[in-house]
Amino acid sequence: DGCGHTVLGPESGTLASINYPQTSPNSTVCEWEIRVKPGQRVQLKFGDFDIDDSDSCHSSYLRVHNGIGPTRTEIGKYCGFDLQMDGLITSKSNEVTVQFMSGTHTSGRGFLAAYSTTDKSDLITCLDNASHFSEPEFNKYCPAGCVIPFADISGTIPHGYRDSSSLCMAGVHAGVVSNTLGGQINVVISKGIPYYEGSLANNVTSKVGPLSTSLFTFKTSGCYGTLGMESGVIPDSQITASSVLEWSDQTGQVNIWKPENSRLKRVGPPWAAFITDEHQWLQIDLNKEKRITGIITTGSTLAEYYYYVSAYRILYSDDAQKWTVYREPGMDRDKIFQGNTELYQEVRNNFIPPITARFFRINPLKWHQKIALKVELLGCQFSIGRAPKITMPPPPQNKNDDLSDDFIHSVKTSLQTDKTTFTPEIKNTTVTPSVTKDVALAAVLVPVLVMVFTTLILILVCAWHWRNRKKKTEGTYDLPYWDRAGWWKGMKQFFPTKSAEHEETPVRYSSSEISHLRPREVPTMLQTESAEYAQPLVGGIVGTLHQRSTFKPEEGKEASYADLDPYNSPIQEVYHAYAEPLPITGPEYATPIIMDMSSHPSTPLGVPSISTFKAAGNQAPPLVGTYNKLLSRTDSTSSAQALYDTPKGQPGPGITHELVYQVPQSVAHSSGSKDE
């Protein structure tokens, strides 16, 4: 009476103490006898072990024996709270006895263990979940019997399962392993999602789960596509039933719930049987042999008709005459599949191993009120390896269930005749040799063409760049590229606006050009050309000008200072890339003009001397020295008018007809000039 959850499969299984994970009752005992195929050995792995050891394993313990019966030998005796038994206990034969004794105790969960044959080196227990493993992808072997009431899972396929879910129980829910047989799982870990759906599949209920950091899914063969009930690939004529519900409603309208109404997710009523007993069936003809891996069912999906099937069997056939009831391998009884628990929810059941057949039949065994359901089949095309599929037509229905000798002979003949179909070149590859050659040729040509086009583009870009650079290098004086950019801009400032053969044409500013302008515009007009004379000079011309002046030269040319006029001197062919700064020793502005009144008595007293510096009141500026003398010239028509010392842009006191500019100061004059 001390046995708890127990599933003993042919190659693996699960066993637990009574009431696990709660405390087992006192004075109970249980003994499990495990057998595998001869020639194999048994390995035992504990997922949890918590047995009271207060009396040193005297009354409460777990004992493991080699063999069964009186000849068995003890492998070990175990007890202890939270005992860590990470290793495997291995037998010496194909038989093992596990004995659990529970004496007087007040605590202790008991134990849960899994077993398998020793060739399953990656055995895990039903309590292991994804968080116990750090690898992003791994393979493990799940034992039979992992659908346990004390474990939870959250999620479904294809979205994935929460990382806290039991790996093996989720594998049963997903349909990758059988609860009766166990099996290998290939697990892939990925990032979690905010919400996990719940569903019922393979007699396992998955609960709704919250956000988690990671989730896991399973790698499968991929043979889980729909076979055409919902999409309509299977025509109505290939869906038949044992009976059809037909009735009239209150308005007198006749309602017929025909077999073609049994398509999953189809709006409207389902198929329903007229007779309510265990001999009713819904049959689907797939038109040819296919691999069937699962089935999905719902109830009536009509709120006013609360009908659904809660349990059913599956039968299959190749000729619709001889039917086989689905059983799990090694089992001597038919497998009963859990159906719906209400009329809306979709319930999935998988076939492990898959069914290979053309005709498929559902036989309801339990139902609610009436037999009614909608269905979809899961699976894929049936093929053996890579050989072409040979479709065998069904034999005539008026003959025996087995294939006749003539039919078998015709099939063998067709296999022997079509020998070219099984040539080695095609058998082991998915493409013909010519296609393979084209693929290899394309793999070579595509990179070559890409390189050729890339080279051509680079050549065109380089040629365009070289051409533009050549145009920039074509200058008047063919200077180096680095010295050419600002040379002409700097030299242009030292030439008049209009020139011919490097000779300057004086610019005249007369009083008639200025008199018609408003007073505010006069300085602006005179300042527009000031940049021609106030720029710094370059080397080679410095020696001809002793002092720089901001005043424009006299427009006329007289013998008294013609040779000393720097503005009419030819420009020497000495160039620099940039203008040189003014010497610090030379004055930057016009030299003041000072009149020596003592040495010029003949000058009329009524004519005041003009200076570039304004004197206080009407008095003349004081004398500085005899070296600075006034250079003046009188016009033939107005001899009493000062013409030379008026600053540029400022009218003098005696201007009547024209305004001229002062001659640059401190320049040595020729013998023709006058000292006054």
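Including glycine, each Cβ sits where the backbone N, Cα and C put it.
Values in this document were obtained by computation on a predicted structure and should not be read as measured data.
Under the heading disulfide bond, TrEMBL lists CYS3-CYS30. Sequence-distant neighbours of CYS30 (disulfide bond): residues of the same chain at least 6 apart with a C-beta under 8 Å from its C-beta are ASP1, GLY2, CYS3, GLY4, SER17, ILE18, GLN99, PHE100.
Per TrEMBL, domain 'CUB' is recorded for 3-118.
Residues or ranges marked as domain 'LCCL' by TrEMBL: 120-216. The average pLDDT for the domain 'LCCL' (120-216) in the predicted structure is 93.
Residues or ranges marked as domain 'F5/8 type C' by TrEMBL: 223-380.
The transmembrane segment annotation in TrEMBL covers 439-464.
Other Cβ atoms within 10 Å of the Cβ of CYS3 (disulfide bond) number 15 in total over all chains. The residues of the domain 'CUB' (3-118), classed with DSSP into helix (H, G, I), strand (E, B) and coil, number 0 helix, 61 strand, 55 coil.
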